[in-house]
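The block underneath contains the structure these notes are about, expressed in structure tokens.
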Amino acid sequence: MAASELYTKFARVWIPDPEEVWKSAELLKDYKPGDKVLLLHLEDGKDLEYRLDPKTKELPHLRNPDILVGENDLTALSYLHEPAVLHNLRVRFIDSKLIYTYCGIVLVAINPYEQLPIYGEDIINAYSGQNMGDMDPHIFAVAEEAYKQMARDERNQSIIVSGESGAGKTVSAKYAMRYFATVSGSASEANVEEKVLASNPIMESIGNAKTTRNDNSSRFGKYIEIGFDKRHRIIGANMRTYLLEKSRVVFQAEEERNYHIFYQLCASAKLPEFKMLRLGDANNFHYTKQGGSPVIEGVDDAKEMAQTRQACTLLGISESYQMGIFRILAGILHLGNVGFMSRDSDSCTIPPRHEPLSIFCDLMAVDFEEMCHWLCHRKLATAAETYIKPISKLQATNARDALAKHIYAKLFNWIVDHVNQVLHSAVKQHSFIGVLDIYGFETFEINSFEQFCINYANEKLQQQFNMHVFKLEQEEYMKEQIPWTLIDFYDNQPCINLIESKLGILDLLDEECRMPKGTDDTWAQKLYNTHLNKCALFEKPRLSNKAFIIQHFADKVEYQCEGFLEKNKDTVFEEQIKVLKSSKFKMLPELFQDDEKAISPSSATSSGRTLLTRTPAKPTKGRPGQAAKEHKKTVGHQFRNSLHLLMETLNATTPHYVRCIKPNDFKFPFTFDEKRAVQQLRACGVLETIRISAAGFPSRWTYQEFFSRYRVLMKQKDVLSERKQTCKNVLEKLIKDKDKYQFGKTKIFFRAGQVAYLEKLRADKLRAACIRIQKTIRGWLLRKKFLRMRKAAITVQRYVRGHQARCYAKFLRRTKAATIIQKYWRMYVIRRRYKIWRTATIVLQSYLRGYLARNRYRKILREHKAVIIQKWVRGWLARTYYKRSTHAIIYLQCCFRRMMAKRELKKLKIEARSVERYKKLHIGMENKIMQLQRKVDEQNKDYKCLMEKLTNLEGIYNSETEKLRSDLERLQLSEEEAKIATGRVLSLQEEIAKLRKDLEQTQCEKKSIEECADRYKQETEQLVSNLKEENTLLKQEKEALNHLIVEQAKEMTETMEKKLIEETKQLELDLNDERLRYQNLLNEFSRLEERYDDLKEEMTLMINVPKPGHKRTDSTHSSNESEYTFSSEIAETEDIPSRTEEPSEKKVPLDMSLFLKLQKRVTELEQEKQVMQDELDRKEEQVLRSKAKEEERPQIRGAELEYESLKRQELESENKKLKNELNELRKALSEKSAPEVTAPGAPAYRVLMEQLTSVSEELDVRKEEVLILRSQLVSQKEAIQPKNTMTDSTILLEDVQKMKDKGEIAQAYIGLKETNRSSAMDGHELNEDGELLLVYEGLKQANRLLESQLQSQKRSHENEAEALRGEIQSLKEENNRQQQLLAQNLQLPPEARIEASLQHEITRLTNENLDLMEQLEKQDKTVRKLKKQLKVFAKKIGELEVGQMENISPGQIIDEPIRPVNIPRKEKDFQGMLEYKKEDEQKLVKNLILELKPRGVAVNLIPGLPAYILFMCVRHADYLNDDQKVRSLLTSTINSIKKVLKKRGDDFETVSFWLSNTCRFLHCLKQYSGEEGFMKHNTSRQNEHCLTNFDLAEYRQVLSDLAIQIYQQLVRVLENILQPMIVSGMLEHETIQGVSGVKPTGLRKRTSSIADEGTYTLDSILRQLNSFHSVMCQHGMDPELIKQVVKQMFYIVGAVTLNNLLLRKDMCSWSKGMQIRYNVSQLEEWLRDKNLMNSGAKETLEPLIQAAQLLQVKKKTDDDAEAICSMCNALTTAQIVKVLNLYTPVNEFEERVSVSFIRTIQMRLRDRKDSPQLLMDAKHIFPVTFPFNPSSLALETIQIPASLGLGFISRV
């Protein structure tokens, strides 16, 4: 692309500026090749002539379009150069308050010098699990990427944090470690992650100090390896340190401080435990007062000391060791105050009893005199002797400082070792993530040895960085199959070689240190001689002979040679170390042990590396040679080795880069200094990354993204079905230079600037489209105005021209009439002439064509005959010629072959005569025989193979023939089916014709109905109008009267309502808070309970250690064992007897259930026998007492009694006949067991029902007769008991009525007869009062019987009425539906009506068929039930008859007098209870809870059936008054539900199923508790089923807690399922296609908004919601609970969507707001479809709706700000400001939000009291309630399906 196309008028460029580094300007005219000057207009309003460089003629850098400014990734910029990078960072930092930006693989972090709310746990949760490009740049995104790659690729990771002092390296590393600690958690209960974080305060206190650039500058480098296990949880950590700045211990520059720990000690000197340290103010010590700034503003050193001690305690450093550390540090401070006095120039001395030295010796527990001596003297050893030499005051001071530095370095290393030892884990490390916090490139006015080492390390890191960036670029190009061209990038290997190679700077430095009289000057001269003028990167300053300059990758640095040798040697006098080693203070000698002893176990065993920063001590006596050798290692040599080790570690890991930038030197918040920023960007390699990217193809688009963005540049014909080809065709037209782009497999690669050019074309096209729209609209408006004027003019003209037109019309009519007459006459004449000519022409043509056709036929026939003759003649000639030729050729061949054969024969004869020929011939014959033998064998093999193939082929042939036969048969069958189908089609066509006729009839009826309706409507309208007039008059009067009352009432109601609403809101909030607090505690309790269970399992596994060897067990057995490990104590105690009885049960093949039933029945009979015996004894006593009084009463009316007994006998015989008939019917039904016989409506069924009704009527009649007879018998009785015995008889009567079993009634009957017999023998007369009482009792019993019958009839009548009402309601609904369908059909066209009516008819018929099938199934069930009941009744009747006939003879029945006892025969009614044995409890729980699968058996059950079964079992235990059984069953149930949820807790269906059943069980316990509040909606029958013995309120609370836990688990399952869908479906997917354009993206590719096959859409979310809702409804969950679940689901969707919106700049645009609002409307539509609008779910989406509205509203004026503040009441101030800051235009027509507008919003919202938290709590769970929901299901009607395997329980 030519420069003239880009550098046009109004194009914006960057020009260099000494103040602002780069300035923006605008071209005032187009650039033409050859121009030397550019006319520019600056932003400050000035014009400028910019002269181009005549040599390079390089044009200024172009500015990116505004739409690209502020991008998350710098590589997304179209023009990649320094000013674009700087401007993008400044806009993000200053305008958007965003401190993080991606630059390819690098995260650029700018220090804001202000606390930002972007590091909370909610932000960590938001970034957890997200792809790196999906969210806004953040240190958490880099940490998540490292963590994810470690887990996915099984490769170790490294995060390299670098930057200047004060740029925020330490904070960034700290936040990265906090992220790992929060996301992964520790693998044990030792809280390793807390210890890892606790190491930071310790290391900061001993390794950080205040500098002029940073208040908390790290003065050492550290590499922390955070270890993870196989489950990627933190198990430990290890720390390596690099190049501690020891010189800071003894010297600080102005405005700087020593290490923090010294000031913390001085600030805490007044503490009682620190008095022994004899410390004071920091200004009293030489080592802490040199900088003159002992206090940091805003930092309390005493509090920092408390935090440091707390961290030490957490890391396991005991109090004694802590005090030891503080003693050593205090000793260093006192050592710094030791002063020396000069004796002469070569010697010095310490004053006697020098206080600082004595304090130092006391603290170090060393001898004062000895230390005083060796501070002023040193020992020199020569080959011959050793002597002691005094040293000068300067040398003594330097030795003192060296000792202090050495002690501090040893202490530092000891603390690091101890920290590593604590963080070390015994568990094997699977992988690790390293965090490297290392100093950045440094250059000061005076640069010494420390800066040299730091810059050397940065050179190595920059080389590694360049190689990694280059490698990633190459991999990307190879992956996309783009031709790889070598990119020229800066290689700093020459600089590294200058430093570390042989005869390099470090090598010469070490060599000079080994020289006896080596100095800094001699070393400098060696450097000049070796490298000056030989290495381009090495220079010598002009005005100095003690310095050198190195050209580093970032800048030139001048190093001063002074002090290099001393710092590199780092020498300490050996005698001073020996004095310290002899200390009585135990900790001090530990610091000076050999390296092997001093290294902590963690660092030695975990990493296998030693800490290379430790300066070795002097050699000890044990190993003098090796120790001396180690001691000779210089600091430079150690640093080089540790750096090589670090580079090996980094090269073995996947690196992630964080470059920290210091925005200004004054620590002002959000202030950006361009000069300082450019320096650091050059130094940290960001610009190098940009340069490498810009050298290739920096802009990369997927084909779909390119198509979506630049679809406006394509014509309709250019759009093909294949996106890739479409993009290729369009690009070839748009960009002529093919070198500017490349097509990869999935992406298009663009050179720098091409995207900006495409954006320009797109903007031009959109601008042209806008102009066209404006043009069209303006034209339409003017045309509309013109048409109005034209219409007025036409109206005037119309009347004027009317008269003329009428006159002209008359003339035209006359003219037309004449013309018509002429037309018809002329037409007649011409048509007649034409017909004559036409007939003549046709006759001539026919004769001529016939003649020509005959001639043509004859010619063709002749030619055909001639061709046949020629064919035969030519064939004969060719054959003869061929035969002659072949004969001649064969003759010639024969002659020639004969001649050759003769010659060969002669040769053979000659050879045959020679002996050698025979030999050769013989050898050849042997070989030929062998070959022939082989050939024979091979032929045999081939023959066998062919035979096998032949047999295979025969088999294949047979199978093929069979297959063809089957295909033929199948085709024949299909042909028959086709014939049948044609018949069906014909019948369907006939039906369609009939339906059409019906439709016509209905249409006619509809017309008549409509006419009637119109008439009725008119009449009603008239009536309504009259009524309205009257109504208005009345209303006016009423309003006049009520106006005053309404106003007064309004005021009162408003005040009362306000107060009431406020009070209710407050109460609701308090209640919800309490409920939430309780449920959170419950959740924590369940978590601890699970943890306890896990620990218990681990303990059992540890105790039950398996023996060697492997034994395979059944999976079901193992699962059952695991399920029953946590059984309750009651269940265990109850299981013991059952286990002991198992062997006996195995021995005796007996049905235990039958045996136990019989045993129970025997005990009951024995009890009844005892009761009857007692009653008999009591009656006998009464009879004996009454005998004395009634001896003289005569017997009367014996004959009548005999007559009554005969009549009773007759009735019993009739009853027997009825029973026999019933048995016969039963037999007939059992013989005819066909389904059609027993079906409803069949003859046998009707006969059976008729017989049953007749029998029941007959029985009722007989019962009435028996009652009458009994009353008569009572009146005619001769002997009767007195009045006092009458009460006993009534009691007996009630007891007999309570008996339900036939055997019980028979026994009672026999016992009564015996008592009657004894009383009848002695009874004589009945007085009048007694007779009346008996008659009254008999009538009372009859009345009771009639009343019960009346009640039953009333109930049946009410049920029938209710059923009829239901049918009427269903018919009404059906009628309304039919009318709606008819109205809809009438609106359709005729064809659609027929189809709709057919479809409706088909659905109606299918529904009717389904209903009929259901009724048939129900009737079958009732028939089977009746059959079973008949069998049971027949069996019981037979047993009764046999028992009565055996025990009672007919004579006895006749002779015995009859007592007035009513014994009604009733069928056995079920009481809604289930009986089970105690030993079957575990089996019940196992089958009903543990092994019940919701997707299998439970789908077809009654909703809540397990809950009903469990409650019925509880009812039976309550009925038996067995508290142990109730407690055991409830405990087992709760434990089993917990086990199921623990085992299958991630399955939504399982959790939903048990939540529904737990709630139903809870409702049953409430409904049948007997409490009045829960019995309001019960039927009388249900009230009879209430619990009688136990109050289970405590268990209700336990079940309620369990339901809360299940609900919370359900919410977690929902969240886990929905979480991956929400962002993709709600934000990224374009539901409305084409609304939002895709912006250019960088290397960190965000998720495309175009939905691929694997991505989730809004439909995916709706489908998932439908699935959840259908499952919950299928399980019969309470509607209120479903509403709460839906509310929670919608809250999760809204919170996650809003949180991602707040963390993604690319999503904050106008078009995305429209997409979000559309998606929310779809969710609301789903709520309406499910009738869940009142669930409160819509209100949870309010923050998201307001955020979407905020993206779409105007954001310019104060009115807009006011509207935003009133509209966004559900958003916090932080969220509103964040959205406004992130708002990014997608098109150039949108505008960014100005900073002033955001400040206006902040000012207006400053009084709002809301949470400062930015993100919503997506993990928040609303408190759940379980409203009481009674069941209308009768317990006695519940049937237990056989599929549950509960055959061992029986209904009671």
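Cβ from N, Cα, C; glycine included.
Across all of the domain 'Myosin motor' (69-763), the predicted model scores a mean pLDDT of 82. The annotation domain 'Myosin motor' is assigned in TrEMBL to 69-763.
What TrEMBL records for G163, E164, S165, G166, A167, G168, K169, T170 is ATP binding site.
Among the features that TrEMBL reports, compositional bias 'Polar residues' is placed at 600-613 (among others).
What TrEMBL lists as coiled coil is 915-1105 (among others).
Annotated compositional bias 'Polar residues' per TrEMBL: 1116-1130 (among others), in sequence order.
Here TrEMBL flags 1136-1147 as compositional bias 'Basic and acidic residues'.
Residues or ranges marked as coiled coil by TrEMBL: 1155-1231 (among others).
Summarising the annotation, TrEMBL assigns coiled coil to 1336-1436 (among others).
According to TrEMBL, the feature domain 'Dilute' maps to 1531-1807.
Of all Cβ atoms in the shown protein chains, 21 besides its own fall within 10 Å of the Cβ of G166 (ATP binding site). Apart from G163, E164, S165, G166, A167, G168, K169, T170, the residues listed for ATP, the same chain places the Cβ atoms of N111, N214, S217, S218, G440, C660, K662 within 8 Å of the centroid of those Cβ atoms. Around the Cβ of A167 (ATP binding site), the same chain contributes A109, N111, G440, C660, I661, K662, Q680, each under 8 angstroms and 6 or more positions distant in sequence. Burial estimate for the binding-site residues (S165, T170): highest at T170, by number of other CB atoms within 10 Å.
Listed in sequence order, the residues of the same chain lying 6 or more apart from G163 (ATP binding site) and placing their CB within less than 8 Å of its CB are A109, K169, G440, R659, C660, I661, K662, Q680, C684.
Sequence-distant neighbours of G168 (ATP binding site) (same chain, six or more apart, CB under 8 Å from its CB) are A109, N111, C660, K662, listed in sequence order.
Non-local neighbourhood of E164 (ATP binding site): R213, G440, F441, E442, C660, K662, Q680, A683, each in the same chain, at least six residues away, with C-beta under 8 Å from its C-beta.
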